[in-house]
Amino acid sequence: MICVGIESTAEKLGVGVVTDDGEILVNVKAQYIPPPGSGILPREAAEHHSRELPELLERALKNAGVEPEDIDLVAYSQGPGLGPCLRVGATAARTLALTLEVPLAPVNHCVAHVEIGKLAARQDGFDFDEPVTLYVSGGNTQVLALKAGRYRVFGETLDLPVGNMLDTFARKVGLPHPGGPEIERLAEEGEPVELPYTVRGTDVSFSGLLTAALRRYEQGDRLEDVCAGLQETAFAMLVEITERAAAQLGRDEILLTGGVAANRRLSEMMHEMAEDRGAEAYTVPPELAGDNGAMIAWTGILVHEHGLSIPPDEIPEKAIVKQRYRVDEAPVPWAARPSRSADSQG
């Protein structure tokens, strides 16, 4: 089976082509860059996606060596995300599936980040079936684990997602978008300043940290030192709540996924924690960390194999988007099952 997945929840646009044994044939991306000093403008991002998607889809199929008639399934990111952006991907996916007369698989974006991480872990030799997952991105900061047939939230941010916090700081101090990689680069050259640390059980709060970091910069601290302090403090908070959730659940597998998982320092801190407590940790590869079409395609295959895809004749009325689609609302009947054939892929 070959699935084409379309990702369009926010500023990133992606098309992935994946087989049902977990082979990623292609994973192409485009990104909307907001105006300097501005955050993501949803309608402008959607216009960018509308312009770029036809060429991106054509390039994906060409690079994968796949003809339209080879496609067995189409998947799209149903939510959560920005409404205008989600609708671009959903409309394209509906049109493609109807044209090809193949099923359409709606995918929860957060679940897809977990599933692509589990796939990559298994392909790298980690037998991860039910890890505690730290999912960190521009729009989400959650500690997730499988319980009672769903991915449940065992910890999360009480205000800003960590990626949004980093991007906001970067924008306020004049760094280009996306801000996370710029902060990571500067932090390597700095000595961490002391900043407030806010953990409540297995939840975190980043608004006070952001305000304090901006104040230190405005008061004359070196940007490199503030970036180092911001990273160390935020990431220590995230590692603490992940460790606490793993201890409460009695789990010894830890998965780090989402766009912020590409940060080397966060990955290093998470792996150090896991080693200290005798657990195994795995960080999703950088090319699969941020939003991408391959994760949608792979999860779409899981959705379809478990009877949750939409038949062609039902697509017009059932292929919708859900801007506030919580991860614990999404059924994941495959998640607790033994590893599939993809486990043996190297």
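Positions of Cβ are set from backbone N, Cα and C atoms, glycine also.
Annotation source Swiss-Prot lists Fe cation binding site at His109, His113, Tyr135, Asp291. His109 (Fe cation binding site) falls within a helix when secondary structure is assigned with DSSP.
Long-range C-beta contacts of Tyr135 (Fe cation binding site), restricted to its own chain and to partners at least six residues apart, with a cutoff below 8 Å, comprise Cys110, His113, Val114, Thr141, Gln142, Val143, Leu144, Thr257, Gly258, Val327. Annotated substrate binding site per Swiss-Prot: Tyr135, Val136, Ser137, Gly138, Gly139, Asp167, Gly180, Glu184, Asn263, in sequence order, evidence recorded as sequence analysis.
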Spatial neighbours of Gly139 (substrate binding site) that are distant in sequence (at least 6 apart) but have CB under 8 A: Thr9, Ala10, Pro80, Gly81, Pro161, Gly163, Asn164
Candidate binding-site residues Ser137, Gly180, Asn263, pick with smallest Cα gap to Asp291 (Fe cation binding site): Ser137
All-chain count of other Cβ atoms within 10 Å of Asn263 (substrate binding site): 26
Nearest-integer angstrom distance between the alpha carbons (Cα) of Gly180 (substrate binding site) and His109 (Fe cation binding site): 21
